[in-house]
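Remarks on the structure that follows.
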Amino acid sequence: MAQPIYVDTAEQLDPATLGVPWYRQLNRYHWFVFVVAALGWLFDCFDQQIFTLTRPAAMESLIPQDGLSNKEWGTRVQQYGGYVTSLFLIGWACGGLFFGVLGDRWGRAKTMLVTILMYSIFTGLSSLSTSVWDFAVYRFLTGLGVGGEFAVGVALLAETMPSRARPYTLAALQALSAVGNVMAALTFIAFGAWELNDGKTPIDSWRMMFLIGAVPALLALVIRRGLKEPEKWQRAKDAARAAGAPSAARGEPVPRGFEPAMASRADGNGDGSGEGRADPLRYSDPSTPAGAPSPRMGSYSELFTHPRWRKHALLGLVLAFSGVVGLWGVGFFTPDLMRLVQRPAIATQVYAAEADAARQAGNAELAAQYGRLGDRARQQVAGDVPADLKPAADAAESKIRGRLKIMGGVTLFMINVGAFLGMFGFGYLSQRIGRKPTFAISFVCAGLSTAAVFWFLTDYSQIFWMVPLMGFFQLSLFAGYAIYFPELFPTNLRSTGTSFCYNVGRFVAASGPFVQAYLIGMFASGAAGTGLAGDELRRAGVTMCLVFVVGLLALPFLPETRGRALPE
């Protein structure tokens with residue numbers, strides 16, 4: 001089979017643009033599209049991280065203890081947290097598949113508006129949950145919108161930006177998602193500080209955070225007023241409608257590999273008029289037989305009928321599966337690990353402070369009770385709190401949870417400090433050495449750094465260097481997906497193909513938290529392991545780091561796209 005011909009765009013060949021920094025090639029509308037797409041994904045990630053941070057508190061609130069011991073109830077809370085996360089990822093995958101096709105058929109801008117409304121509204125409704133089951137339904141429906149937004153957003157940006165600016169703006173889009181994650185972390189820290197100071201909210205703080213997650217719906221108004229469909233998409237849409245007209249999209253390239261209307265850069269429309277100079281040179285696949293039907297917009301049958309696009313879709317799915325399981329099945333459970341690791345120390349500090357306060361108030365009995373609670377926490381005594389100590393323990397619990405919330409928020413904050421740098425780093429390095437070598441480096445380092453965090457993290461100070469390193473490499477992969485996936489598919493399938501890779505990969509990856517929940521249960525009922533706090537979660541996390549090897553195995557079979565224009 002003949003190889004498809006990739007030709008650089010006219011703006012890349014124009015001497016006037018050579019040597020000009022990529023950001024100077026952007027006009028006001030380019031910046032508007034970038035800001036809107038970045039905000040859509042930023043708030044998307046904000047809503048995701050609200051769930052990640054509030055998951056333990058939500059599960060504890062929605063799952064009754066019903067006579068279970070503290071250890072049994074804690075294990076159930078962790079397991080159901082994994083199950084709800086998997087349902088969220090399944091919704092993400094289903095939404096991506098549906099809205100990916102809709103983005104190719106109906107338009108990028110209109111579809112993005114719908115997805116933002118979906119993830120905002122159902123995040124807000126999650127605050128009204130009364131059981132783990134309706135909470136899971138709301139998370140599934142939120143996932144539908146979350147999954148659709150990414151594919152249409154990156155397709156919109158990729159098709160609007162000048163070619164030299166494309167990888168940088170896509171990397172920046174993904175890097176700015178870390179800002180959304182940081183916003184969620186800071187909000188969580190603020191609620192933790194409020195609770196630590198005996199602050200009260202009308203409803204549980206985790207419900208308040210989900211209510212805040214409904215705010216991004218306002219962005220839909222901006223999209224409706226100012227965003228246009230990309231010219232590349234409009235051309236492809238018009239070509240698909242032009243029944244019976246000669247078209248290179250129907251396999252009649254003159255010369256072979258080029259659309260006849262773009263045969264000469266000097267004569268933009270190919271008709272001697274010299275018009276159309278701003279249009280890019282186009283790409284067509286010489287393997288497409290003459291007289292073949294015009295490509296359909298947003299068609300999975302089209303995606304899987306063509307051998308090249310089918311190969312790209314399936315291997316791209318494997319790349320996404322590896323990174324998504326690594327992040328959602330392991331990396332985003334780091335705040336949970338930190339909570340388990342630090343609870344004994346935090347409880348000891350709080351009980352000591354309460355004992356001092358009781359002594360100063362002249363209540364020797366209460367001071368003695370807090371002293372006994374402090375001894376239990378320091379020695380990490382398993383089992384339920386004795387009945388005579390339970391009132392004192394319950395009174396101090398809000399302060400313990402407040403401090404743990406602050407630590408969980410700081411942990412996520414540090415993940416995203418690393419993520420922000422890692423995403424920009426991927427964009428820069430992929431332009432220097434290529435997409436595939438950069439992916440290989442990220443997969444290897446993500447596996448090693450994540451395993452190190454889950455095996456060795458024991459002290460609060462370690463989150464300030466171990467966790468950012470993990471975030472740098474784990475989240476850099478997602479900048480790679482934003483850059484690479486749109487480069488693998490033609491315009492009529494770009495949103496569909498990107499969505500398939502990212503979201504079917506996520507659909508398969510939904511097994512990750514289920515597997516993690518199974519491993520936690522298995523390790524909890526088995527022989528003793530590390531002897532450290534959170535032992536079951538540690539061993540499950542390290543075991544699941546093997547998933548990064550899967551992404552490495554797919555790389556040799558995928559094309560290198562550095563320096564190539566988007567296929568048309």
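FYI, residue positions are counted from 1 along the chain as it appears here.
Just so it is clear, glycine is given a Cβ too, placed from its N, Cα and C backbone atoms.
What TrEMBL records for 241-250 is compositional bias 'Low complexity'.
The domain 'Major facilitator superfamily (MFS) profile' annotation in TrEMBL covers 33-562. Model confidence over the domain 'Major facilitator superfamily (MFS) profile' (33-562) is summarised by a mean pLDDT of 81.
Residues or ranges marked as region 'Disordered' in TrEMBL: 234-298.
According to TrEMBL, the transmembrane segment annotation covers 31-51 (among others).
Sequence-distant contacts of the transmembrane segment (80-99) (same chain, at least 6 residues past either end, Cβ-Cβ under 8 Å): 51, 55-56, 59, 63, 111, 114-115, 118, 132, 135-136, 139-152, 324, 328, 336, 499-500, 502-514, 516-517, 520. Summarising the annotation, TrEMBL assigns transmembrane segment to 80-99 (among others).
Taken from TrEMBL, the feature transmembrane segment applies to 111-130 (among others). Only residues 6 or more beyond the boundaries of the transmembrane segment (111-130), in the same chain, are considered here, and those with a CB under 8 A from a CB of the stretch are 37, 40, 43-44, 47, 50-51, 58, 62, 95, 99, 102-103, 138-139, 141-142, 144-146, 148-149, 152-153, 156, 203, 207-211, 213-217, 219-220, 223-224, 227, 495.
For 136-158 (among others), the entry in TrEMBL reads transmembrane segment.
Non-local neighbours of the transmembrane segment (170-194) in the same chain are 34, 37-38, 41-46, 48-50, 52-54, 153-154, 157-158, 161, 201, 205, 208-209, 212, 401-406, 408-410, 412-413, 415-417, 419-420, 423-424, 426-428, 430, 475, 478-479, 481-483, 486; each lies 6+ residues outside the stretch with a CB under 8 Å from one of its CB atoms. Here TrEMBL flags 170-194 (among others) as transmembrane segment.
As annotated by TrEMBL, transmembrane segment applies to 206-227 (among others).
The transmembrane segment annotation in TrEMBL covers 313-333 (among others).
Here TrEMBL flags 406-426 (among others) as transmembrane segment.
Annotated transmembrane segment per TrEMBL: 438-457 (among others), in sequence order.
Taken from TrEMBL, the feature transmembrane segment applies to 463-486 (among others). Within the same chain, residues 150, 154-155, 158-159, 166-167, 170-171, 173-175, 177-178, 316, 319-320, 322-323, 326-327, 331, 334, 338, 410-411, 414-419, 421-427, 430, 435, 438-439, 442-443, 445-446, 449-450, 452-453, 456-457, 494, 497-498, 501-502, 551, 561, 566 sit at least 6 positions outside the transmembrane segment (463-486) and bring their C-beta atoms closer than 8 Å to a C-beta of that stretch.
Annotation source TrEMBL lists transmembrane segment at 507-528 (among others).
What TrEMBL records for 540-558 (among others) is transmembrane segment.
Same-chain residues lying 6 or more positions outside the transmembrane segment (31-51) and placing a CB less than 8 Å from one of its CB atoms are 85, 88, 112, 115-116, 119-120, 123, 126, 139, 142, 145-146, 149-150, 153-154, 156-157, 160-161, 169, 172-174, 176-181, 183-185, 187-188, 209-210, 212-213, 215-216, 219, 222-223, 226-227, 412. With a threshold of 8 Å between CB atoms, the same-chain residues lying at least 6 positions outside the transmembrane segment (438-457) that come near it are 319, 322-323, 326, 330-331, 334, 337-338, 341, 422, 426, 429-430, 463, 466-467, 469-470, 472-474, 476-477, 480, 484, 530, 537-538, 541-542, 545-546, 548-549, 551-552, 555. Distant neighbours of the transmembrane segment (540-558): 311-312, 315-316, 318-319, 321-323, 325-326, 329-330, 333, 337, 436, 439-440, 443-444, 446-447, 450-451, 453-455, 477, 488, 512, 515-516, 519-520, 523; these residues of the same chain sit at least 6 beyond its ends, with a Cβ under 8 Å from one of its Cβ atoms. If you look at the transmembrane segment (406-426), the same-chain residues 6 or more away from its ends with a CB under 8 A from one of its CBs are 49, 52-53, 56, 171-172, 174-175, 177-179, 181-182, 184-189, 192-193, 196, 331-332, 334-336, 338-339, 342, 346, 438, 442, 460, 463-464, 467-480, 483.
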